[in-house]
Every structure is written in C-alpha cells, then in structure tokens.
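Read the structure below first, then the notes.
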Amino acid sequence: SLIQFETLIMKVVKKSGMFWYSAYGCYCGWGGHGRPQDATDRCCFVHDCCYGKVTGCDPKMDSYTYSEENGDIVCGGDDPCKREICECDRVAAVCFRDNLDTYNSDTYWRYPTKNCQEEPDPC
C-alpha cells in the first residue's frame, strides 16, 4: 500500500516520501509522463512501471508483509502478488537512498508538467 511505501522510504532513506518524493520531476507523485529528469525521477519511473506490471491485486491499496534483516527489507508472505508490490516498493526505496547525492529540489520539486513532454523510454 502507499502507506507502507512511505514507511519503507522512511526506514531505508530516512526521509519522508510525502515531502521528498510526492511532487518531484516527471514521475514522482501521481501520474507521470515524459522522460525522467534525473536518477531520482528514474527511480519513480521504474516504480510506476513495476506497479503497472502487477496483476491480481492493487499496489496502492493492498498491504503486504515484510521484515527487516540486518538493516535490509525482506519481502515475505504467501501472496505472490503482494510480495511483488513489496519488491516494487523496496527497490524504489533503495534507489532513492542510492541517489540522494543527486537529488535536486531546486530544479525538480514541483517540476512543471509542460517540461515533461519528451517521449519516455519503454518500461
């Protein structure tokens, strides 16, 4: 669920997903189109693609099971669809953490959608 995604971001990145990633670039936040603008925006693009491939459950609403082992998030549970949602969220949170050094709020926070018109790469 989106609430769990926020929790994973807090655990992995030590930042609020709501405040750092809800309106960044062309893909972080609701919707998304155009070409990702930087590495962080690409994390969101890949996350959107990942959610788009999930079938049989609702990535934004359905809860999943995970644990923490040696500081890493480990997705679990018996439902393969929910485990897939967890993996989408886990990979995105790690991607955010790994790209904090290039996060550029001055340029990409509340980035105008008119700048997101280029043809995107395929998922």
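Positions of Cβ are set from backbone N, Cα and C atoms, glycine also.
In Swiss-Prot this protein carries:
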type     : residues           : note
ACT_SITE : H47                : active site
ACT_SITE : D89                : active site
BINDING  : Y27, G29, G31, D48 : Ca(2+) binding site
DISULFID : C26-C116           : disulfide bond
DISULFID : C28-C44            : disulfide bond
DISULFID : C43-C95            : disulfide bond
DISULFID : C49-C123           : disulfide bond
DISULFID : C50-C88            : disulfide bond
DISULFID : C57-C81            : disulfide bond
DISULFID : C75-C86            : disulfide bond
Taking the recorded Ca(2+) site as Y27, G29, G31, D48, identify the other residues of that chain whose CB atom sits within 8 Å of the mean position of the site's CB atoms, giving them in sequence order.
C26, C28, W30, G32, H33, C44, F45
Quick one: what's DSSP say for C28 (disulfide bond), helix, strand or coil?
strand
If you measure from the CA of D48 (Ca(2+) binding site) out to 10 Å, which disulfide-bonded residues from the list C26, C88, C95, C116 are inside that radius?
C88
How long is the line from the C-alpha of C75 (disulfide bond) to the C-alpha of D89 (active site), rounded to the nearest angstrom?
10
Among all the protein chains here, how many other CB atoms are within 10 A of the CB of C49 (disulfide bond)?
16
If one measures from the C-alpha of Y27 (Ca(2+) binding site) to the C-alpha of C57 (disulfide bond), what distance in angstrom results, rounded to a whole number?
22
Which of the disulfide-bonded residues C43, C44, C123 has its Cα closest in space to the Cα of C26 (disulfide bond)?
C44
Round to the nearest Å and give the CA-to-CA distance linking C43 (disulfide bond) with G31 (Ca(2+) binding site).
14
D89 (active site) as reference: those recorded positions from G31, H47, C50, C57, C123 with C-alpha within 10 Å of it:
H47, C50
List which of the recorded positions C28, G29, C81, C88 have their Cα within 10 Å of the Cα of H47 (active site), in sequence order.
C28, C88
Which residues, sitting 6 or more apart from G29 (Ca(2+) binding site) on the same chain, put a CB under 8 Å from its CB?
Y21, S22, A23, C44
All-chain count of other Cβ atoms within 10 Å of C26 (disulfide bond):
26
What are the non-local neighbours of C88 (disulfide bond), defined as same-chain residues 6+ apart in sequence with CB under 8 A from its CB?
H47, C50, Y51, V54, P59
